[in-house]
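Written out below as structure tokens is the structure these notes cover.
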């Protein structure tokens with residue numbers, strides 16, 4: 001048993017060390033940052049009061065419980081650490097569980113005189129040690145950041161127990177499904193699901209402005225991360241939720257052990273899900289294929305974009321309320337990002353964020369169009385082009401899906417931002433944001449066109465070059481104003497061409513958008529023409 | 001049914017890609033159905049099925065989805081035919097491609113090629129990764145396609161496979177066609193290598209027609225015999241008495257080394273230019 005633990009520890013010495021030290025370092029740095037940034041009780045009360053009025057902030061952060069330094073740190077950071085610790089543990093469990101089995105290493109160990117569950121027991125014990133070390137380091141991190149020791153013990157214990165819970169969940173996931181990929185997926189969904197459940201519960205909670213506390217709604221109580229928050233470390237230091245965590249850890253770990261000692265090598269509790277024997281009707285053309293390959297990624301982009309939109313809307317209101325207290329420097333940054341002469345702070349803020357959303361949409365589009373090059377390099381394009389499919393049609397199918405991706409990301413963000421403004425009763429800002437986000441489309445599509453052109457012209461360099469140009473344009477667009485770059489450099493980035501909504505001059509705005517759209521179309525068609533003329537694969 | 005033989009790196013796959021219009025030839029001319037494969041690729045591909053040499057599939061798609069995608073682009077599979085092929089090749093169409101072994105990936109490509117009849121099948125080393133049972137299924141399928149009047153161009157580096165299946169053969173080496181003809185014309189290529197322990201005098205064997213390259217290896221004699229000259233050699237050996245015997249068809253590489261060894265430097269020089 002000791003040998004097995006040492007074996008796994010040796011294989012994992014770098015990975016575990018990096019995770020544990022990384023999380024600890026992050027914890028220490030952010031504790032210290034909160035201590036310096038919000039040094040006094042008044043400052044902390046102010047920010048907590050603001051948070052209590054803003055469900056989006058509660059969803060991102062956690063449960064406020066008083067204005068002490070420890071409580072503020074706990075509110076700001078606990079849920080994020082819990083996600084880090086949880087993922088560390090589920091990945092760890094898979095790496096020594098299902099992944100070992102998949103690669104045939106467990107077979108080697110199982111052929112020696114050990115019990116069937118020996119390697120899992122070793123994994124759980126090593127995980128236990130790792131989480132204890134993490135707990136001790138986390139305690140030291142909190143205390144070193146200046147919080148009181150009793151609360152630090154409770155917070156560190158909660159983190160370690162969340163780790164153990166997800167260690168058990170990860171081990172159980174490895175027994176449920178037959179591939180390491182699926183096991184990692186189940187583990188990650190469990191961790192992120194726990195975060196999301198408490199985000200919903202916290203956002204729907206009832207604020208108590210006098211005590212600066214939040215009575216969370218019931219969904220938080222369905223989540224292990226929510227239980228960790230309910231310890232209300234640094235004020236009430238409740239221990240009851242810790243018992244819940246320990247119990248779940250034991251049940252999950254015990255369940256995994258029970259399955260492991262009964263099942264065959266290579267088997268899983270859930271039989272491997274088989275796919276469709278016959279393709280859906282839509283999978284009959286290059287476009288259908290490109291959609292089939294890209295929609296899972298697009299779904300991810302759209303969900304991310306919608307979440308960002310929700311945050312933007314609620315944050316904008318906060319920024320507007322707090323803007324009188326903003327230092328001059330932040331206002332300068334916002335205005336330079338916005339590339340427009342907006343005077344009101346919400347307008348500037350939305351315009352600045354819309355640039356980021358435009359970049360996000362462009363990235364989604366670039367990913368979709370560059371998939372064509374990936375298909376070619378991996379030898380799959382050959383099979384499609386071996387059918388009655390012309391090369392321009394094949395490349396433009398990816399361009400089409402990329403265009404759809406750009407529009408979906410922008411629309412998802414626009415709808416979410418509008419909903420978020422509308423819930424605050426500010427329909428006017430809502431509509432304006434929708435406009436400001438949607439006008440990013442032509443600029444984002446220019447990047448899709450660049451990708452298509454490079455696939456046609458410089459296939460081997462296309463992937464690196466497209467992302468490189470995107471990064472360059474993004475830096476120019478985001479920081480050009482601050483860096484006082486000359487105008488012609490700024491004009492070279494499509495991002496700076498996006499007009500501000502409402503348009504100062506409808507004619508100029510339509511012209512700017514039209515030029516960007518035309519450039520995008522010309523680039524894509526040129527790419528298709530060049531692709532038509534070159535060898536495949538190149 | 002035309003065999004396209006050559007050792008690794010001879011340019012078989014490149015030639016097939018030129019015929020598919022994927023690559024543009026930088027010399028010579030190619031026509032498929034009497035048309036230019038580069039300019040008329042789309043029309044030509046309507047009546048053509050292709051199995052690439054290195055089958056790379058979409059990891060997220062199941063075998064069934066892949067087959068449907070590839071056949072639908074050519075107009076759709078015949079369901080009965082698709083089912084029969086899946087059954088005969090013993091392929092599970094519900095598995096995701098990332099879970100398929102090399103042989104199973106090959107089967108996906110073969111089912112996709114045969115599930116819709118074509119006028120021309122271009123098969124690049126189609127049996128690599130298949131076990132002997134599946135190879136026989138493949139041979140039956142190729143014969144069926146031929147009976148339907150289709151042309152099959154089969155590239156391979158395995159001489160016996162081409163021998164069994166093809167009526168005509170082209171052999172290429174370093175990018176050049178060095179032999180083209182019917183199998184009967186190429187009989188001289190298919191010699192059998194003998195290695196025997198016998199008391200028969202070597203001079204007597206060497207004098208028989210169709211015996212080549214006779215030499216002693218320890219207490220064994222090694223020599224090659226033309227296929228149509230086997231009978232007299234066997235009679236002579238039987239008469240003299242044999243204590244051990246191995247007979248093997250020469251590998252393609254050996255053939256090349258023997259027949260084209262002298263030309264190699266010249267050809268390589270030519271292709272390097």
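A Cβ is built for glycine as well, from the same backbone N, Cα and C atoms used for every other residue.
Taken verbatim from TrEMBL:
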{"type": "TRANSMEM", "residues": "A:78-97", "note": "transmembrane segment"}
{"type": "TRANSMEM", "residues": "A:118-143", "note": "transmembrane segment"}
{"type": "TRANSMEM", "residues": "A:149-170", "note": "transmembrane segment"}
{"type": "TRANSMEM", "residues": "A:182-200", "note": "transmembrane segment"}
{"type": "TRANSMEM", "residues": "A:239-259", "note": "transmembrane segment"}
{"type": "TRANSMEM", "residues": "A:298-320", "note": "transmembrane segment"}
{"type": "TRANSMEM", "residues": "A:345-370", "note": "transmembrane segment"}
{"type": "TRANSMEM", "residues": "A:394-417", "note": "transmembrane segment"}
{"type": "TRANSMEM", "residues": "A:437-458", "note": "transmembrane segment"}
{"type": "TRANSMEM", "residues": "A:465-483", "note": "transmembrane segment"}
{"type": "TRANSMEM", "residues": "A:509-531", "note": "transmembrane segment"}
Leading stretch by Cβ pairs under 8 Å, where the reference is the transmembrane segment (A:239-259) and the options are A:118-143, A:345-370, A:394-417, A:437-458, A:509-531: A:118-143
Proximity of the transmembrane segment (A:298-320) to the transmembrane segment (A:149-170), 3+ C-beta pairs under 8 angstroms: no
In contact by Cβ distance (the transmembrane segment (A:78-97), the transmembrane segment (A:182-200); 3 or more pairs under 8 Å): yes
Within-chain partners of the transmembrane segment (A:118-143) [C-beta distance under 8 Å, separation at least 6 from its ends]: 1, 4-5, 7-9, 12, 16, 20-21, 23-25, 27-28, 31, 70, 73, 81, 85, 89, 92-93, 96-97, 100, 106, 109-110, 149, 151-153, 155-157, 159-161, 163-164, 167-168, 171, 253, 256-257, 260
Maximum Cβ pairs under 8 Å to the transmembrane segment (A:149-170) - stretch from the list A:78-97, A:394-417, A:437-458, A:465-483, A:509-531: A:78-97
Distant-in-sequence neighbours of the transmembrane segment (A:437-458), which means Cβ under 8 A and at least six residues beyond its ends: 309, 354-355, 357-359, 361-362, 365-366, 368-370, 372-373, 376, 395-396, 398-399, 402-403, 406-407, 410-411, 413-414, 417, 465-466, 469-470, 473, 494-495, 497-499, 501, 509, 513-514, 516-517, 519-524, 526-532, 534
Outside the transmembrane segment (A:394-417), six or more residues from its ends: residues with CB under 8 Å to it: 285-287, 289-291, 294, 298, 301-303, 305-310, 312-313, 350, 357-358, 360-362, 364-369, 371-372, 381, 384-385, 430, 433-434, 437-438, 440-441, 444-445, 448-449, 451-452, 455-456, 524, 527-528, 531
Distant-in-sequence neighbours of the transmembrane segment (A:509-531), which means Cβ under 8 A and at least six residues beyond its ends: 391-392, 394-396, 399, 439, 442-443, 445-446, 448-457, 494, 497-499, 503
